[in-house]
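Asks: The structure is given below, and queries will be raised subsequently.
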Amino acid sequence: MITLVFLLQLLGFLCLMLAMNKHAKQAGNSRILTQVLRVLPSSLFTKLIGWMLLIASLCLAMASIEITSIAMVWWCCTLSAALLSIALYFSSLP
Amino acid sequence: MKATFRKSMIWLHTYLGVILGWLLFAIFFTGTLSYFTPEMTRYLMPERGHISQSQQSMIAHSFAYLGTHAGEADQWRIALPSERSAHWSVQWREGKQRRTVTFNNQLAASENETETKGGLFFRNFHYTLQLRGYGGRYIAGIAAMAMLLAIFTGIYTHRRFFKDFFTLRSQKLQKWTTDFHALAGILTIPFCIMICLSGIFIYAIMYLPYTANANFEKGERGVNSQIIPSLPNLALTEKVTGDDYLSNVQPPVPNYAHILETIANQWREANPIARITVEGVGYKDSRVIVERSKATTVSTRADRLVFETYTGNPLKGYDDETLPAQVRRILYGLHQANFAPIAMRWLLFGLGILGCALIATGNIIWVAQRKKSARQNPFTLALVEKGNVVAVAGLILASLSFFIANKLIGYNVAGRAQFEVNAFFTVWALSAVHAFWRAKAAVAWKEQFALASGLCFFTVVIELVLFRDRIVNSIENLDSVYLSFIPAFFISGIILYWAAKKIGLRIIKAEIATKSTKPSTCVRKEQK
């Protein structure tokens, strides 16, 4: 279940990243992201989806782990891991 | 005071980092290693092998052993092993004397364990700086407070990164370092705040003793014993004889079967018991205190149940702690992360390493910027630049030498635990001598990383050559805790070798660039 929480966070950050102006500009140099950006709706909508995915990941962590405090620690840890993964992925794009 | 508030914040952030960066790195690095304290202790003590016995059989064996060897003791204590520690021991107290015996998987008892500080060395160092009684905890506390301040000023200083923190510009090393510093800062904000805040709270009474001194009888030293709930004193009057409860058992043993049954109904997780204490052994009013493992709570205080020893009936347990005490325990628990399963522990370890990288890159950026602007006093610049080498590479070397000393010093050598500590500090001091002796800091970085890489591989070789039997045993018993140290050292060696190689290439590039510019300068001079 934690893997699912992590995947939701990854998707959430991916949406937030694509919704950021600066990154959208940088993505202009990346073939893959240019394709992705073309099919994406407006940046506000993408940003909204991003935040909703992050909230969904928090809810899932709370629901799947019995002890709330431990669920919160899990969520914070995977959040950092997801953020780092997205940053490294984005920085290494061709 | 600077012209604007932002400039003041930048100034504060910079100088907090430069002045306390080395200390913070040492605290963060050893603290990060401390996430694996029991595992490191287990790795450093060959007798701590995998224990596959069930909790029930261990408890039965422990009580049988204590009944035979410590029938006249006042108190018994059984510490059951966890997957992490593999430390199964019984302890008993007769008058003022305590004796401890440990067991292995074959139920063999031993009173002599390998003399080592184990993982506790790093744990104790990270908050006492090996200066317990000499203000070490105060220094660590001040460092934690400064770190908190550096975090908040850092958020203000790097506020733009909240808009573009996903970028790591890999084309230029200096830009990459600045980006990485900001990214690591953002990733570790919750972690660093939690660690610093909880670290301060653990010793809050020591840092702010005034309230305790004014309101409690024994002041700050006695406040814990006054606010932590305890059980009433035992009125030990009547001894239990064989006829009373367990007519055919001599000496009397606790009715643990009933106690375990009650516990199994209340605590449903696997291996729920961490420790059992029997107070007033042999007396009618004796009681058993059973402590739960910390896997189910963030707090450092796990549940405890109290029973009558010889009937197994439950007794009224401990009173609830006050809310502030509970908050402090939760913060303490968050800091230690004893509740964390292995995957979470690795994530926290990763965040700790990122925290170290954050501090180190901050200091490296300062040096690079000052070199560029040529504003700084050369002596100060050289001091910080070489101090960075000692703080980062030197500490890694010192930590590795601690492990190697443990593996190479004979088990019969008296005071071997102190030799390990001496090896740590000697290597750290030698690293300082080397860094300041080298004309260029980059060369010192390269050589110390290369040496650290070599030491990592050497540790693996020592393990494979001198501890082959232990490895075979561990493979047979699937002892993943011990076995994981070998690849961990190997991978660390590869990373350090890669770092040394990268720095080496940069030195070569810089030398080529200097050589290629020199002749042209001469030509220009001649033309003039």
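Each Cβ is built from the backbone N, Cα and C atoms, and glycine gets one as well.
Keep in mind it's a predicted model, so treat the numbers as computed, not measured.
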Asks: Of B:138-159, B:424-445, which range does TrEMBL call transmembrane segment?
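Replies: Spelled out, TrEMBL records transmembrane segment over residues B:138-159, not the other listed ranges.
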Asks: Does the transmembrane segment (B:389-409) make contact with the transmembrane segment (B:180-206) through 3 or more Cβ pairs under 8 Å, each pair 6 or more apart in sequence?
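Replies: The answer is no, given that the two segments have fewer than 3 Cβ pairs within the 8 Å cut-off.
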Asks: Residues of the same chain, at least six outside the transmembrane segment (B:480-500), with any C-beta under 8 angstroms of its C-beta?
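Replies: Contacts with the transmembrane segment (B:480-500): 39, 42-43, 49-50, 83-84, 86, 396, 445-447, 449-450, 452-457, 459-460, 463-464, 470-471, 474.
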Asks: Residues of the same chain, at least six outside the transmembrane segment (B:12-36), with any C-beta under 8 angstroms of its C-beta?
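Replies: That would be 119, 122-123, 125-127, 129, 139-140, 143-144, 146-147, 149-150, 153-154, 156-157, 195, 337, 340, 345, 348-349, 352-353, 355-356, 359-360, 362-363, 366, 384, 387-388, 390-392, 395-396, 399.
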